Amino acid sequence: MEVFASVLNCCFKYIVLPVWIFIVLLLLHRDLSSWDGLMGPLSHPGLGENGSASYLSVPSWEIDEYTQGWRYYLYNSWLAERIPLRRSLPDLRDHRCQKLEYDEDSDEMKPASIIMIFRNEQLVVLLRTLHSLVERTPKYLYIELILVNDHSDTDFWNDKLSLIFFDNYVHRYIHPKARILHLPEQVGLIKARNLAASEAKAENLVFVDAQVEFTNGWLSPLLDTIAEQSYTLATPILDNLDEQTLAYQRSIERRGMYDWSLTRREVPLSRARRSHLPWPYEVAAVRTSVFAIPAVWFQDISNFDNNLRGFGAAELELSFKVWCTGGRIVQVPCSRVGHLQPKDEDYLKRYGDLHKMGEQKSRNLKRIIEVWTGDLKSAIYKYQPHLLNISEGDLNEPRKLYKQNECQSFKEFINDITPGLNHVAALNRTDYASGHVKTLEFPKKCLTINAKSQNLFLERCSTNNTLQNWTLTYVKDLRVAGNICAEVRPNLRLGYSFCHSLGGRQSWHYDSVSNQLMSNTKCLEFTDELNIFLAICDAANGKQRWILDNINLSVMQSANILV
């Protein structure tokens, strides 16, 4: 049976798919209306219509394909191939949004260049994004579409015939004058955006991710918002595309901000702010999955620090640059876009070497702190002490640009951009402990992340290993490398995921008397260096006793975190 399944997979990969591509190339001259939108060789008509959840049983001979797709794409890629490229979506806007009329012919509301950066995307998801874009965006609201392939290197994107197919398909069915740039080497999100922006012709730029689906009326509110006031960056509400069923799910309106560790937080809107919905509201932290911005302004602020490399840098620096140049970030509830955001744990698997990711993010944060935060950097280093030992590199150019723009102090950012958020713990709380997490039995062994197994293990302690520098934070999670948290798996083994600050399996307490680390009702225990798990608490069990380097007992006691 396994041999048969393997033969079927090979036939599809090397015979069916190439033949399908060849047929598509032959049919590219036909009208889209007569073909009903290239369903794809595996799609099921009607599946996922109106953004509904899709359910299909996976045949036994396709289990391997299903599993491998999950491991790489971080969502149900097997199902994604079976949902038509063109599907309807629900209109989840407030009823008042649907009645609004925008002066789209005014001189102030300029059309945009729409820019998409992608790398190693699943073809059907990318094409579904593009179809939803062109079919739900009036042509007079944008003058060009720029697609930048940041040196994709998976099987499909490495094949010349596949690139020909993609380019021809886009020009025939998406936009006849779309500009497609296939970069010869990977440059990263920030540089790819800057490159595309330098090529753009419109007075406004709209950047979009490759894993989104657009709803009716998404673009007009964004362009209207940036037309009303100069130096405005506008973002939509990002709804959720479920990674298992691809269902379109409504998100509630929230406000982005940064805490003292420069970690992004989503906090509820105040009652006063909610009473003014669905009108736009200002936020402190931008989400760059979809955003609109005046082109000249973006060019002015795009080259602050060319040495930042992705992974948490783009959104953080852009938020600061907007504030520095007298701008504002505005969330627009009348604009809604579905976003396929995989679970954090799966997201980690895709990028592999977590140690390098942690080093990269730490260096990014160090550069941003040294350039932007001024007198308050000591407060931030208190939450990120491991950054003190990291080299930030040459900062002459970003500091020069910072001074040229006459940026105000970081205190002004806190006071001006985050008013009314003082009730949020992130702004004024102190963490409970930081440093190494060691076993009392083997005090030279420290809790460390294993990027390959997705588990945690014990390794010889090192002051230079950023993946051993833990913080028991004010929100009672145990985090490392800025935004990675220890998490209890359903099988009670200890793993990790990106922090969500919502408790649950990421909630931790420390008992300084018994030296036990507790998550909910169970205690952290080890049997050897590779086996760390949660078990019934036993104060007499030496393998449940842990040491945290720097414990703030007074804060623990005042917060009643001590058990």
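Glycine is treated like the rest: Cβ placed from N, Cα and C.
Features of the protein shown, as given by Swiss-Prot:
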TOPO_DOM  1-6  topological domain 'Cytoplasmic'
TRANSMEM  7-29  transmembrane segment
TOPO_DOM  30-563  topological domain 'Lumenal'
CARBOHYD  ASN50  N-linked glycosylation site
DISULFID  CYS97-CYS334  disulfide bond
REGION    109-225  region 'Catalytic subdomain A'
REGION    280-342  region 'Catalytic subdomain B'
CARBOHYD  ASN389  N-linked glycosylation site
CARBOHYD  ASN428  N-linked glycosylation site
DOMAIN    433-549  domain 'Ricin B-type lectin'
DISULFID  CYS446-CYS461  disulfide bond
CARBOHYD  ASN464  N-linked glycosylation site
CARBOHYD  ASN469  N-linked glycosylation site
DISULFID  CYS485-CYS499  disulfide bond
DISULFID  CYS523-CYS537  disulfide bond
CARBOHYD  ASN552  N-linked glycosylation site
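Shown here: features listed in Swiss-Prot, placed on the structure.
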| residue | record | contacts (Cβ under 8 Å, 6+ apart) |
| --- | --- | --- |
| CYS334 | disulfide bond | ARG93, ASP94, CYS97, LEU100, GLY217, PRO221, PRO278, PRO280 |
| ASN389 | N-linked glycosylation site | THR463, ASN464 |
| CYS446 | disulfide bond | HIS436, VAL437, LYS438, LEU458, GLU459, ARG460, CYS461, SER462, ASN465, GLN468 |
| ASN469 | N-linked glycosylation site | PRO385, HIS386, SER434, GLY435, HIS436, VAL480, ALA481 |
| CYS499 | disulfide bond | THR263, ASP477, ARG479, ASN483, ILE484, CYS485, GLN506 |
| CYS523 | disulfide bond | GLN516, LEU517, LEU534, ALA535, ILE536, CYS537, ASP538, ASN541, GLN544 |
| ASN552 | N-linked glycosylation site | THR430, ASP431, TYR432, ALA433 |
- Would you mind pulling the DSSP three-state label for ASN50 (N-linked glycosylation site)? helix
- Of all the glycosylation sites here, ASN50, ASN464, which one's CB has the most other CB atoms within 10 A? ASN50
- Message: If you average per-residue pLDDT over the region 'Catalytic subdomain A' (109-225), what number do you get?
- Response: 94
- Task: Among all chains shown, work out which of the disulfide-bonded residues CYS97, CYS461, CYS485, CYS537 has the most CB atoms within 10 A of its CB.
- Result: CYS485
- In three-state terms from DSSP, label CYS446 (disulfide bond) for me. strand
- Message: Which secondary structure state does DSSP assign to CYS523 (disulfide bond), in the simple three-class scheme?
- Response: strand
- Task: Kindly assign CYS499 (disulfide bond) to one of the three DSSP-derived states: helix, strand or coil.
- Result: coil
- Item | Three-state secondary structure, CYS461 (disulfide bond) (per DSSP) | coil
- Where CYS97 (disulfide bond) falls in three-state DSSP terms: helix
